[in-house]
Amino acid sequence: MDRIVEIEKYSFDETYETSLRPSNFDGYIGQESIKKNLNIFIAAAKKRNECLDHILFSGPAGLGKTTLANIISYEMGANIKTTAAPMIEKSGDLAAILTNLSEGDILFIDEIHRLSPAIEEVLYPAMEDYRLDIIIGSGPAAQTIKIDLPKFTLIGATTRAGMLSNPLRDRFGMQFRLEFYKDSELALILQKAALKLNKTCEEKAALEIAKRSRSTPRIALRLLKRVRDFADVNDEEIITEKRANEALNSLGVNELGFDAMDLRYLELLTAAKQKPIGLASIAAALSEDENTIEDVIEPYLLANGYIERTAKGRIASAKSYSALKLNYEKTLFEE
C-alpha cells in the first residue's frame with residue numbers, strides 16, 4: 001500500500017530522515033518528559049563512568065524512536081550498531097552481533113517485539129550478566145559454552161509493546177512510551193527541517209503541513225519534501241501557506257490528514273450505523289491484510305477518537321461522522 005501518509009518507513013526515508021535528524025537533545029523537539037529523564041540518566045551514567053541501563057522505546061511508528069537512540073549514542077559518546085528483529089533469524093545471528101560489540105557500545109534493535117522466543121533466550125543472559133551462553137551439540141552430549149561480553153546498552157524499539165514477553169520487557173531498566181506530537185511541535189520541526197533543505201517555511205505553511213501530518217514527524221517531513229518540490233518547480237525560496245495547500249491537496253491529503261484509504265475505512269464503519277465490524281471483515285472489504293489495518297491505518301484514528309475498538313469489532317465515533325459531514329444518530333445508551 002503506497003500512501004504519502006504511510007507511517008512505516010519508505011526505502012528512501014532512511015537517507016532523507018538522517019539528513020534532517022537532530023544529533024542532540026538541544027535540537028530534538030517534543031517528548032519533553034522523556035528528554036528530561038534521559039538527560040538525567042545519561043549525566044548520571046557518565047558521572048559514574050558506566051553504561052546506561054537497557055532502554056525500551058514504545059509507541060506508534062514515526063515518532064522518533066530511532067532518532068532518540070542515535071541521540072543517546074551521541075550524548076554518551078558511544079558507538080551505535082543498528083539492526084531490526086526480522087534480520088535476526090537464528091541465535092547465531094544474535095551471537096555474531098553481540099560478540100562484535102565493544103565496551104560501552106549501544107545496540108539498537110528495531111521491531112524488537114518480533115524476536116523469536118529462542119532468540120530472546122540468548123538475549124536474557126547477555127542483558128543481565130553480559131554473558132553469552134552457546135549450546136554446542138545436542139542431546140546428552142550437548143555442552144554450554146559461556147562467553148563474556150563487553151558491557152553494552154541495548155535499546156529496543158517497538159510499536160507493539162504488548163507483544164513483548166514479560167521476561168524480556170522486565171529486563172529493560174528504562175521504559176518510555178512516545179506520544180503523538182502537537183501541531184505546534186511539528187511546525188517547529190518543519191521550519192527547522194526546511195532550512196536544511198535551503199528553504200524558508202512560513203509559520204502558517206508549517207502549521208498547515210503539520211495539521212495534515214497525523215501528529216507524526218516522519219509523515220510531516222515526507223510531506224515537506226513533496227511541498228518543496230512544488231516550490232522548486234515555481235522557483236520559490238519561501239514555502240507559503242498557499243503553496244503548501246496546493247501541494248497537499250494535489251497529494252490527496254485532506255485537512256484532517258486523511259487520504260483515500262482512511263476515508264474508505266471510515267465510510268465503511270459509518271455505513272454500518274454503529275454496528276461493530278470485525279477486523280477480518282474490514283480487511284476483506286478494503287482488500288488489505290489485518291496487520292496493515294492494525295499497524296498503519298488504525299493507530300492515528302484510535303488515538304484521535306475517530307473510532308472505537310470493542311470486543312465485537314470497530315465502531316465509528318461521532319467524530320468520524322462529523323469528519324465525513326454525516327448525521328450522527330445517538331444510540332439508546334447515549335440518550
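Glycine residues also receive a Cβ, built from the backbone N, Cα and C atoms like all the rest.
Among Arg169, Arg171, Arg228, only Arg171 appears in Swiss-Prot as part of the ATP site alongside Leu20, Arg21, Gly62, Lys65, Thr66, Thr67, Glu128, Asp129, Tyr130, Tyr181, Arg218. Counting every protein chain shown, the Cβ of Thr66 (ATP binding site) has 21 other Cβ atoms within 10 Å. Each of the binding-site residues Tyr130, Tyr181 was assessed for Cβ neighbours inside 10 Å, and the highest tally belongs to Tyr181.
Comparing Arg309 (DNA binding site) with Tyr181 (ATP binding site), their Cα atoms are 22 Å apart once rounded. Counting in whole angstrom, Tyr130 (ATP binding site) lies 45 from Arg314 (DNA binding site) by their C-alpha atoms.
Here the Cα atom of Thr66 (ATP binding site) is found 31 Å from that of Arg314 (DNA binding site).
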